[in-house]
Amino acid sequence: MMIWCFQTVLLFIAHLVLSDWAPADPPTQNSFFYSDYLNESGNNELHFIGMKLHVDSAEPSVLSIRGGNATLQCRFWYEPVPSLPREVRVKWSWLPAAGGQETDVIVAFGTRFRSFGDFRGRVQLRQDFPGDAALVLNKLWLNDTGRYRCTVVDGLEDQSTVVHLELQGVVFPYQHPRGRYHLSFLGAQQACKEQDSTVATVTQLFQSWKEGMNWCNAGWLADGTVQYPITQPRERCGGARLAPGVRRYDRLHLYPNHYDVFCFSSLLQGRVYYLQSSHKMNLTEAQHACQEDGAEIAKVGQLYSAWKFTGLDSCDAGWLADGSVRYPITRPRSNCGPSEPGVRSFGFPPPQHKHGVYCYKLDTERV
């Protein structure tokens with residue numbers, strides 16, 4: 001019995017000595033900035049070993065035009081600088097200005113990339129220098145506005161930066177042919193689309209208010225809210241004692257309510273002109289006259305865009321595609337309506353009435 005106890009003690013002492021003298025397990029390096037170590041309890045722990053990934057944009061906000069191109073800046077770098085280049089995954093995603101879900105635009109790993117959805121074939125990474133992850137968008141659409149996120153992923157770490165894209169354009173109020181407050185939210189979206197425009201965002205309406213837009217009728221915006229811009233407060237427009245601003249209704253259910261809509265249009269890829277004719281025409285004759293001139297009857301958004309960007313000015317009222325009669329004034333003068341510039345409207349007269357017509361001709365060299 002004493003011999004067995006003595007042997008047990010010797011074995012225990014030997015185990016203690018060997019465990020102290022035995023070399024520790026070497027740390028296992030991964031492909032990133034971390035190393036795996038065994039802690040005192042025998043569990044793996046990750047330890048940061050000093051390299052930091054940075055992502056930034058030199059231009060957090062970009063302004064462009066419909067049909068144009070835009071470059072959204074994004075670059076990444078490390079501190080300290082690694083001795084060898086590192087392969088990273090770059091992802092750009094997009095949150096529409098109207099809100100909704102953030103969706104992927106492009107994902108790239110080295111020289112390989114994949115674009116998604118409506119951006120397919122219109123986007124690419126610039127990659128002009130090491131760390132350059134700028135996104136190049138071509139042939140911009142009206143609905144491309146919003147927040148773009150550049151995310152760089154290297155192993156366990158990812159960093160991101162945000163760039164906002166906005167388009168130069170013009171916001172205009174639009175009513176249903178039956179008059180004031182006949183548009184549901186879905187109807188408002190369709191109405192703007194038919195007039196070569198899209199439903200305006202809150203940012204776009206606010207910018208128009210800053211430029212002097214004053215409109216008392218409430219209209220849908222892209223996020224489903226109903227608002228209207230007031231520069232000259234008055235009793236029937238929310239009250240004369242309220243300060244100027246963009247007035248907002250409480251958030252409404254999108255479907256049962258009806259209002260007007262604020263549409264947004266941008267630069268055209270063609271030109272709008274008043275068709276010179278020896279006689280006035282009804283709506284059907286006006287449509288045919290534009291077709292015979294190699295064009296089509298202009299839409300409301302196109303007329304507003306031509307007024308805003310090319311200075312279209314004509315005191316002659318003409319048919320438009322929606323059956324309304326309007327004319328653009330950039331140089332107010334007597335016998336041409338109010339003293340402020342704008343697009344004047346005669347509403348939606350009976351289609352058999354006689355008027356001139358505004359046509360739109362696409363510039364094929366710009367498409």
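Note that Cβ sites are derived from N, Cα and C of the backbone, with glycine treated the same way.
Curation plays no part in TrEMBL annotations; they are all automatic predictions.
For 1-19, the entry in TrEMBL reads signal peptide.
The domain 'Ig-like' annotation in TrEMBL covers 67-163.
Annotation comment: TrEMBL describes 170-265 (among others) as domain 'Link'.
According to TrEMBL, the feature disulfide bond maps to CYS216-CYS237 (among others). Packing around CYS216 (disulfide bond) is summarised by its Cβ count: 14 other Cβ atoms lie within 10 angstroms of its Cβ, all protein chains included.
According to TrEMBL, the domain 'Link' annotation covers 270-361 (among others). Taking the domain 'Link' (270-361) as a whole, pLDDT averages 96 in the prediction.
The Cβ neighbour count for CYS359 (disulfide bond), using a 10 Å radius over every protein chain in view, is 26. Residues annotated as disulfide bond in TrEMBL: CYS290-CYS359 (among others).
Per TrEMBL, the feature disulfide bond maps to CYS315-CYS336 (among others).
Annotated pair CYS315 (disulfide bond) and CYS237 (disulfide bond), C-alpha to C-alpha distance, rounded: 29 Å. The DSSP breakdown of the domain 'Link' (270-361) into helical (H, G, I), extended (E, B) and coil residues amounts to 20 helix, 26 strand, 46 coil. Here the candidates are the disulfide-bonded residues CYS290, CYS336, CYS359. The one whose C-alpha lies nearest to that of CYS237 (disulfide bond) is CYS336.
For CYS290 (disulfide bond) paired with CYS216 (disulfide bond), the C-alpha to C-alpha distance reads 34 Å.
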